[in-house]
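The structure under discussion appears below in the form of structure tokens.
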Amino acid sequence: MKSAASSRGGGGGGRGGGGWGSWGGGRGGGGGAGKGGGGDGGGQGGKGGFGARARGFGGGGRGRGRGGGDGKDRGGGGQRRGGVAKSKSRRRKGAMVVSVEPHRHEGVFIYRGAEDALVTLNMVPGQSVYGERRVTVTEGGVKQEYRTWNPFRSKLAAAILGGVDQIHIKPKSKVLYLGAASGTTVSHVSDIIGPDGLVYAVEFSHRAGRDLVNVAKKRTNIIPVLEDARHPLKYRMLIGMVDVIFADVAQPDQSRIVALNAHTFLRNGGHFLISIKANCIDSTASAEAVFASEVRKLQQENLKPQEQLTLEPYERDHAVVVGVYRPLPKSSSK
């Protein structure tokens with residue numbers, strides 16, 4: 001009885017030394033013998049604080065070994081944790097400088113921040129169209145909101161980042177967009193042309209057309225047209241002459257579709273951009289052969305291609321052809 005009492009009572013003062021105090025940064029120094037250390041070896045040692053959990057149980061005199069070393073190790077770890085938190089605090093203090101720079105294409109911008117991104121000035125601040133990220137930048141004391149433009153979801157954005165020389169879409173332009181789908185790219189065209197421009201968005205799918213109409217409800221410069229782009233005369237009464245045609249219809253006869261709409265709506269000297277998906281036209285031929293064939297078809301319709309650009313790495317076997325529409329002058333009859 002005497003021996004047991006001595007064992008349990010001898011180490012009672014060691015608890016504050018190595019265990020509990022060490023979690024907060026090693027204040028206890030790790031030198032304590034633990035809850036039950038320091039007796040005559042008659043009783044089992046107690047817990048030595050948080051650090052003791054990884055140690056095994058031993059025989060007589062075990063209280064000292066269990067309580068001593070582990071509390072010290074854990075205390076050291078507490079100091080290391082404090083170091084990490086301090087480093088993070090220093091990083092938070094240095095605020096990141098963000099800015100927006102105009103792109104060489106008028107109405108398009110480059111966001112400089114943690115990650116650079118292509119952006120357009122949001123025509124409807126506070127509203128996203130397809131879940132894109134919005135960023136706010138203060139310029140001259142005025143807050144401006146921009147929408148990031150994902151090149152993996154937009155052929156036009158992919159062409160811009162790919163280095164296309166001209167897109168011919170700028171503020172106040174009138175644009176005919178064939179194959180508008182749910183309005184992802186159309187919404188960015190809406191941002192570019194601004195409130196003084198117009199984009200006529202033609203889409204045949206009624207399911208995508210519903211989304212397009214919802215986008216147009218908040219953007220007054222979008223006019224949705226739910227019709228087949230193969231029959232431009234069906235919507236002739238809705239659309240005036242335009243400056244630019246952008247086509248993303250992904251159909252085997254897309255060159256003919258562009259030509260029909262150009263003859264009906266595109267002004268002389270107007271421009272066109274057509275996104276060509278090689279597999280949709282001829283899956284047996286190489287992409288280069290398909291692109292060359294489509295260019296020849298455009299030339300036969302008085303659509304003069306000026307530039308051709310592939311869309312890798314954003315799209316596979318895709319190309320954008322940019323050109324000008326110049327119909328042959330009418331011969332005077334005598």
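Numbers run from 1 along the shown chain.
The backbone N, Cα and C atoms fix where each Cβ goes, glycine too.
Database features (Swiss-Prot):
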| type | residues | note |
| --- | --- | --- |
| REGION | 1-97 | region 'Disordered' |
| MOD_RES | Arg8 | asymmetric dimethylarginine |
| COMPBIAS | 8-66 | compositional bias 'Gly residues' |
| MOD_RES | Arg15 | omega-N-methylarginine |
| MOD_RES | Arg27 | asymmetric dimethylarginine |
| BINDING | Thr184, Thr185, Glu203, Phe204, Asp228, Ala229, Asp248, Val249, Ala250, Gln251 | S-adenosyl-L-methionine binding site |
Maximum Cα-Cα separation (Å), residues Thr184, Thr185, Glu203, Phe204, Asp228, Ala229, Asp248, Val249, Ala250, Gln251 listed as binding S-adenosyl-L-methionine: 19
All-chain count of other Cβ atoms within 10 Å of Thr184 (S-adenosyl-L-methionine binding site): 20
Cβ neighbours within the same chain of Asp248 (S-adenosyl-L-methionine binding site) - under 8 Å, at least six residues apart: Lys155, Tyr177, Leu178, Gly179, Ala181, Thr185, Ser275
Proximal but sequence-remote residues of the same chain as Glu203 (S-adenosyl-L-methionine binding site) (Cβ under 8 Å, at least 6 apart): Gly179, Ala180, Ala181, Gly209, Leu212, Pro224, Val225, Leu226
Fewest-neighbour residue among binding-site residues, criterion Cβ within 10 Å, set Asp228, Ala250: Asp228
